[in-house]
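First up is the structure itself, then whatever we jot down about it.
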Amino acid sequence: MHGLLLAGLLALPLNVLAHPTESHSSGISRRAIDITSYRLPQISKYTKSDAVPKQDDESFTTSSTGDDNVSSGDYVTTATDWLKKTLPKATYRLVNDHYIGDSGIGHVHFRQTAHGIDIDNTDFNVNIGRDGKVFSFGNSFYDGEIPKANPMVKRDFSDPVNALQGAIQTLNLPVTAKPENVKAKPVEGKENFKFEGTSGAFSDPKAQLVYLQKDGGLVLSWKVETDIGDNWLLTYVDANKNDKVHSVVDYVSAAEYKVYPWGINDPTEGNRTSIHLPWFKTLSTDWHIDGKGWYSTTRGNNAIAQENPTGGPEYENNYRPKSPLFIFKYPYSEAMTPPSSYRDASITQLFYTTNVYHDVLYILGFNEKAGNFQVNNWNKGGVGGDFAILNSQDGSGVNNANFATPPDGQPGRMRMYTWNASTPERDGCFEAGIVIHEYTHGVSNRLTGGPANSRCLAALESGGMGEGWSDFFATAIRLKAGDTRATDYTMGEWASNRPNGIRKYRYSTNLTTNPHMYVDADGLTSVHAIGTIWASMLYELLWNLIDKHGKGNVTKVRPVLKNGVPTDGRHLAMKLVLDGMALQPCLPNFVQARDAILDADKVLTQGSNKCEIWKAFAKRGLGVGAVFNPSKRTGSNELPAGC
């Protein structure tokens with residue numbers, strides 16, 4: 001599920017696998033249901049920084065130190081006033097996930113309401129600059145006529161239990177909810193319930209009464225949440241006709257340690273080695289403490305890693321290696337079989353790779369306030385209680401991986417599978433690119449639209465960019481010292497036993513090797529195919545910035561920043577892409593995400609990399625004249641004046 005999306009599956013189309021994917025029957029795709037036909041519509045608008053109307057001087061200036069006290073005249077008030085001015089007739093609520101990022105930009109998010117009920121797929125995000133003025137903003141608010149009748153007066157909607165049953169029956173979910181056994185228990189919020197007495201789901205299903213913006217109007221719906229493992233769904237069931245589903249969002253989008261070290265993508269690139277105290281000393285804690293105690297196993301503040309051979313929802317009591325001396329060194333070779341014989345090494349590798357990535361992202365700005373994955377946020381903002389649950393050798397499938405991203409405060413869940421396209425089969429935990437790809441789904445879902453909103457990559461092109469970001473970060477991290485812009489990279493080559501990887505083309509700056517252009521997205525319905533186009537553009541961006549700023553010492557794990565700006569082109573590209581995610585609107589398209597990256601550079605470097613960024617996108621058809629249309633995109637190789 002992508003961000004409440006089940007993001008992932010290295011997300012492979014089945015036709016690229018040497019063997020068909022196998023799994024237990026809980027997955028929607030395995031129950032003959034195509035949830036992609038229920039995607040949310042892509043309706044967001046993004047007003048980039050140089051298109052924002054001129055503003056009068058504001059009294060509040062955001063602090064570059066990250067001081068985000070909410071008081072009269074602060075950045076939240078500025079954002080609220082801007083919304084009132086822009087859409088004076090709109091009713092809305094402030095989403096409680098605003099924060100000031102490490103670049104000094106304040107991010108504030110609003111949800112539209114009607115009769116006190118959320119219009120669930122309407123969002124207004126305002127980005128406040130260091131000068132206290134509106135820097136940019138995104139908008140998907142409904143501008144049509146609001147229904148005159150208040151449904152709360154006549155209670156003109158179905159019982160939530162009926163909606164749950166409608167979702168189960170329509171989507172053929174492996175959940176049992178007999179009317180005589182199920183009780184809808186009210187929880188905090190208007191018409192908000194948790195269901196007790198069901199079976200088959202990983203946690204108690206939930207339902208909330210909302211409006212949904214669809215086909216130019218509003219439909220009253222029950223938003224039914226069901227976590228069934230391979231999918232974690234928000235199903236929008238018509239509040240009067242419970243056999244009608246309007247839309248579906250899937251949150252699941254794919255000490256001393258002896259491991260393949262950071263930068264070694266898989267066993268073909270290097271050897272395992274013993275690494276002592278790998279965490280960054282200046283971050284909050286080491287990897288085995290969460291403020292409540294020390295864990296002499298693969299558990300800590302950022303992640304909890306274990307085997308999960310049954311593929312079930314339990315993880316707390318699952319097997320994980322233990323070492324009172326915190327020495328996690330276990331045997332592994334590619335010749336070992338079955339995978340259970342090296343489970344300790346697999347779990348340790350997964351725990352190591354994920355924690356290093358957490359720390360790298362933290363330095364680049366994905367921290368507590370931005371919605372990262374930590375049990376204890378150490379009073380630094382955001383919502384805690386949400387480490388990443390990491391399942392090694394998960395028994396729910398093969399030849400894939402996925403990551404479920406609920407909103408901030410709920411743990412993310414990564415499922416890593418074994419791959420049977422080789423003999424002996426291979427464990428995806430030993431291919432860092434797969435782990436990084438999956439974890440990045442959690443990052444992009446938390447940053448886009450704010451940490452409290454995990455459905456902002458649920459549209460087709462948005463979801464495609466989610467896959468592209470995941471491929472981009474996995475590729476950027478594996479660069480070697482001798483690489484140049486002539487170096488090409490694959491995805492999933494080792495695990496899948498496919499020399500050309502699992503994407504249509506290698507990532508390359510050579511248009512013969514990888515000819516992808518923006519307009520290639522026309523007619524595509526696979527998020528992975530669309531994602532390859534987006535990642536191809538970002539690979540161009542990566543090398544343009546490396547050619548200008550160098551790639552730095554790729555053997556060093558920790559990014560080097562000066563005045564908040566990475567000193568090398570590789571980490572600068574990663575930083576700009578991350579900052580762009582936080583600026584862009586909910587459900588963005590390629591054009592809006594490009595503009596957000598340009599705006600991120602304007603904030604971070606005063607736009608000193610403007611031309612490098614434009615040249616990267618224009619090379620592949622996303623230049624100045626590019627226009628988004630879901631069925632007929634307009635490509636452009638045009639550069640702005642001065643480039």
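Every residue gets a Cβ built from N, Cα and C, even glycine.
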Record-annotated N-linked glycosylation site (source Swiss-Prot) among candidates ASN69, ASN510:
ASN510
May I ask for the distance between ASN420 (N-linked glycosylation site) and HIS437 (Zn(2+) binding site), taken between their Cα atoms and rounded to an integer number of Å?
20
Highest CB neighbour count within 10 A among the binding-site residues HIS437, HIS441?
HIS441
Please report the distance from the Cα of ASN271 (N-linked glycosylation site) to the Cα of ASN553 (N-linked glycosylation site), rounded to the nearest angstrom.
20
How about long-range neighbours of the compositional bias 'Basic and acidic residues' (47-57): same chain, 6 or more residues beyond its ends, C-beta under 8 Å?
129, 133-139, 595-596, 598-599, 602
Between HIS441 (Zn(2+) binding site) and ASN553 (N-linked glycosylation site), what is the CA-CA distance rounded to a whole number of Å?
26
When you tally the Cβ atoms that lie within 10 Å of each candidate's Cβ, which of the glycosylation sites (ASN271, ASN420) has the highest tally?
ASN420
Compute the C-alpha separation of ASN553 (N-linked glycosylation site) from HIS437 (Zn(2+) binding site), stating it in Å without decimals.
22
Please report the Cα separation of GLU438 (active site) and ASN510 (N-linked glycosylation site) in Å, rounded to an integer.
27
